Amino acid sequence: MDVIKKKHWWQSDALKWSVLGLLGLLVGYLVVLMYAQGEYLFAITTLILSSAGLYIFANRKAYAWRYVYPGMAGMGLFVLFPLVCTIAIAFTNYSSTNQLTFERAQEVLLDRSWQAGKTYNFGLYPAGDEWQLALSDGETGKNYLSDAFKFGGEQKLQLKETTAQPEGERANLRVITQNRQALSDITAILPDGNKVMMSSLRQFSGTQPLYTLDGDGTLTNNQSGVKYRPNNQIGFYQSITADGNWGDEKLSPGYTVTTGWKNFTRVFTDEGIQKPFLAIFVWTVVFSLITVFLTVAVGMVLACLVQWEALRGKAVYRVLLILPYAVPSFISILIFKGLFNQSFGEINMMLSALFGVKPAWFSDPTTARTMLIIVNTWLGYPYMMILCMGLLKAIPDDLYEASAMDGAGLFQNFFKITLPLLIKPLTPLMIASFAFNFNNFVLIQLLTNGGPDRLGTTTPAGYTDLLVNYTYRIAFEGGGGQDFGLAAAIATLIFLLVGALAIVNLKATRMKFD
């Protein structure tokens with residue numbers, strides 16, 4: 001007799017389809033909101049990932065994909081999506097001055113106004129639960145008063161000329177400041193038909209739009225008469241001369257346009273960018289190679305020492321040597337920054353007492369780079385030591401016994417047996433370490449902040465900057481504005497360089513991907 005298993009309420013198909021339906025509606029609502037806000041890339045990504053997830057968890061035939069989907073969705077969202085966005089930005093002029101769309105930039109310019117008429121002093125007087133607006137003309141001495149009104153939204157107030165003083169006490173500056181936004185939405189209409197709006201905390205003035213949009217898309221400055229035309233090569237409204245050529249004046253804010261390969265060509269053709277870029281690239285490669293070599297060398301030697309059978313107290317030494325790995329790196333970096341202080345650091349005090357020298361760790365390029373390598377070796381050797389300690393356990397003791405019978409010494413054992421057997425399994429990890437140090441942003445940012453700075457460069461660059469720090473400084477610390485497009489182009493080049501170097505390393509060591 002077959003036993004029919006009773007399903008719990010949370011296992012019912014009705015509940016499953018109800019939850020999936022609600023999630024589908026929520027996702028659809030979010031996608032529509034993103035699309036309405038102009039965030040097309042986010043909307044498409046959300047739609048693809050959510051639709052795939054709903055299909056996989058609703059379809060029994062796709063049951064096996066339920067174990068793979070979270071990882072693939074995470075990789076797509078946190079790896080591929082930022083990569084695609086970065087590459088897309090690299091082909092635009094996106095920067096602190098060119099962030100808006102053309103339509104939004106045009107709207108901002110058309111919203112600007114200029115003072116084109118008389119200025120009137122104004123006062124705000126209570127009228128029960130409402131207010132009255134009073135204007136006075138300082139030239140003619142005429143006074144104008146509105147009917148009672150309440151704050152809220154855009155409104156037009158018809159003012160009448162009066163000789164009587166409004167009742168009640170005039171509102172102080174605090175009340176006006178609190179209601180400044182509401183007062184800015186008020187248009188006061190004088191008896192002669194002129195319109196005035198709030199221009200300061202105590203004045204209403206006649207205002208007119210600063211720019212007028214012509215039928216051919218040209219903006220005309222109503223104050224100066226200068227005409228501006230959108231220049232899609234640079235992403236700005238730019239003035240035009242009488243003969244139709246481009247003038248020197250540009251209107252901010254600008255708008256985002258596609259510039260093609262311009263940002264990439266700037267890296268290789270602009271000497272102010274090319275020279276620091278190439279120098280920083282060479283230093284980044286050298287820094288990564290030296291760091292990998294020293295961390296592996298120090299870690300391997302220390303692993304061999306703490307695995308030495310004749311050594312007493314090996315457990316204590318292991319714990320002490322692994323401590324730098326247990327302490328968060330940013331804490332160690334800041335501690336070293338204090339130790340290397342040129343005036344009061346303990347390292348310079350010790351060197352001065354012993355040898356009479358005080359290296360300029362933060363102002364001299366060579367010593368600053370040396371300091372970085374020392375600190376990074378300190379931070380990285382425990383990881384390599386732990387790996388080597390585990391790999392040493394896999395080396396058979398018979399090999400060392402056979403070499404001892406042949407009369408091999410300590411160094412021969414290390415270079416002929418230990419090193420060859422360790423270096424092969426360590427190679428993939430060394431490549432990963434190289435890629436990590438190639439983009440070791442935190443070390444540079446916390447210890448030297450890229451300094452000392454290079455002189456004569458178009459973009460901010462330092463002697464200890466890695467490519468990733470150089471990109472960050474261009475994007476967020478540029479003196480001439482934040483150039484996200486150029487930074488994205490350099491980030492794309494970094495991605496290609498790291499990928500190419502990793503492939504070259506794998507090919508050189510003849511490592512098989514499987």
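Cβ atoms are placed via backbone N, Cα and C, with glycine included.
Topological domains recorded in Swiss-Prot put N59 on the same membrane side as K507. Helix, strand and coil content of the topological domain 'Periplasmic' (438-483), in residues and according to DSSP, is 18 helix, 2 strand, 26 coil. Distant neighbours of the topological domain 'Cytoplasmic' (59-70): 52-53; these residues of the same chain sit at least 6 beyond its ends, with a Cβ under 8 Å from one of its Cβ atoms.
Under DSSP, residues within the topological domain 'Periplasmic' (341-371) fall into helix, strand and coil as 17 helix, 0 strand, 14 coil.
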